[in-house]
Amino acid sequence: MGRVVLMAILAMLITVWVISKKSHRYHNLHLKIAKEVGDKHGEGNAYGNLGNAYDRLGDFKKAIEYHNLHLKIAKEVGDKHGEGNAYGNLGNAYHRLGDLKKAIEYHNLILKIAREAGDKHGEGNTCGNLGNAYLSLGDLKKAIEYHNLHLKIAKEVGDKHGEGNAYGNLGNAYDRLDDFKKAIEYHNLHLIIAKEVGDKSSEAMAYCSLGLVFELQGRLPKAVEHYQASINLFNSLRVLLISKDEWKVNFRNQHQVAYTGLWRVLVEQGNVDEALFVAEKGRAQALTDLMESSFFVGEDEDCAVLKNVPSNTVFQAVDKANVNLWVVSEGKQVQLRQSKLKGFVSENSGSSLSFEAFMLGPVADLIEGDELLIIPDGPLWIAPYAALKDGNSKYLCESFTIRVAPSLASLRLIADCPDDYHKSSGALLVGDPWVSEVTNSEGKKVFEQLEYAKKEVEMIGNILNITPITGSQATKREVLKRLSSVSLVHFAAHGCMETGEIALTPDPDRISTVPTEEDYILTIGDVLNAQLRAKLVVLSCCHSGRGEIKAEGVVGIARAFYGGWCSVYCGVPVGD
């Protein structure tokens, strides 16, 4: 049992002080050893700790998965303390996913258990969690009541971390009541305690909260100072995530508010260029890290952001219903226009989408020439820009060659890419993989064959004098074997609706009779690990530009290829 306890303690220490690959490694080792020796209690705790680690990284769905495993085992072995912890962690995760009703339900379950067991520490933390849930629901009176209970209990039991959190949460509540004097007082108390206990994440959040209050008061220089301090701390934590792209994406998503607050205040001060640089620095950070990991990149000054940026570049930044549009025009002079999002426009709105619907109308008079580069943000990522119509009912693609990029930094990196980085020859053409044997849980076929996808790659193959791989030959294993050795990659296949991940032929020597996703789906992780050297990747698949919209941008298969320094073309769904 000594090894189990040692691994658990080591993993917990690393999780508390450093959010890194090591904490996951030790939690998984703790889980493995607990299973080997039949320690169900230790196994449950390991699941709970893994859930907490994913929670801190912002991957709340995965956190819920692990917390449910912890809850199941805690109930099996009669571990009321573990059961309570699992309820509390599930409540927090559901809160962060926006399911407040479920969050309150779980928090009330743990509150009952904590009070029955006389667990003052657990009771206090749960009061704080309930306060946050009620704050999100807009019930400020109830929120303050629970946060004061948390503060009282934290002081009684000497829980400095809990005391700091209670002060911060009370600050948020009084901020909502426009009692800025009280809000600043509580946020400063939170900041003092965070520094005392060495909690960098809480320190960053306290600075961000103070930045928001100063902004609301109109004390803009103080707001800039505190937002910048918050960003500096968050970035110092981000570098500890080593090379795990998924963790960086989720971590960045949690701290979008500090970057948005800083560029918003700079715009209000009239610092147009500086606001653009800040908005850009917060954009596609994990992707930039991924690209820079291939080789050393020197320049990191603000002025380098505009290097190699063509005229007619429109950089979009969304803040709730407000949209800021920076236009880099001839001579690299930056101009700013502002507009409002008018309702939600989905990507399925049809061909009548207007120029204005996706925020290009306000800058139409600044766009000249026949090329247009767009750096989208938030919901504006879903726009089929080529299909938008201008004021003369003319499609945008009839007037411009349109490119879309995740960030200005990614453009600079591609422009600075060494001449010998990409492969100069060879093509991988994949069309109509054999997917008829893929079935769902009810045994029904998931995909139909794509006859014209096969013809598509055969036509390209005839032009390039290259034999495409189609049908039963287009296995995941064969694609991965060839992916890193060619200059051109072209997929004509089914794509996953949520992520754009590509359906290939299931490997024939798989273990299971019915193919699992691992047997046939080309995943984001597969692409990130493939060491791509292609110049151009064409994704002629349904939903190939899809992904989850986060602060990082659209996190899907197209981004994974872009991270390999490829130019990427994404098709849109069209009937075969």
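The backbone N, Cα and C atoms fix where each Cβ goes, and this holds for glycine too.
These features come from TrEMBL:
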type   : residues : note
DOMAIN : 362-562  : domain 'CHAT'
REPEAT : 44-77    : repeat 'TPR'
REPEAT : 84-117   : repeat 'TPR'
REPEAT : 204-237  : repeat 'TPR'
SIGNAL : 1-20     : signal peptide
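Under DSSP, the residues of the repeat 'TPR' (44-77) split into helix, strand and coil as follows: 31 helix, 0 strand, 3 coil. Long-range contacts of the repeat 'TPR' (84-117) within the same chain, counting only residues at least 6 positions beyond its ends with a Cβ under 8 Å from a Cβ of the stretch, are 44, 48, 51-52, 55, 58, 60-61, 63-64, 67-68, 70-71, 74, 123, 125-127, 129-130, 132-134, 136-137. Here the repeat 'TPR' (204-237) is broken down by DSSP into helix, strand and coil counts: 32 helix, 0 strand, 2 coil.
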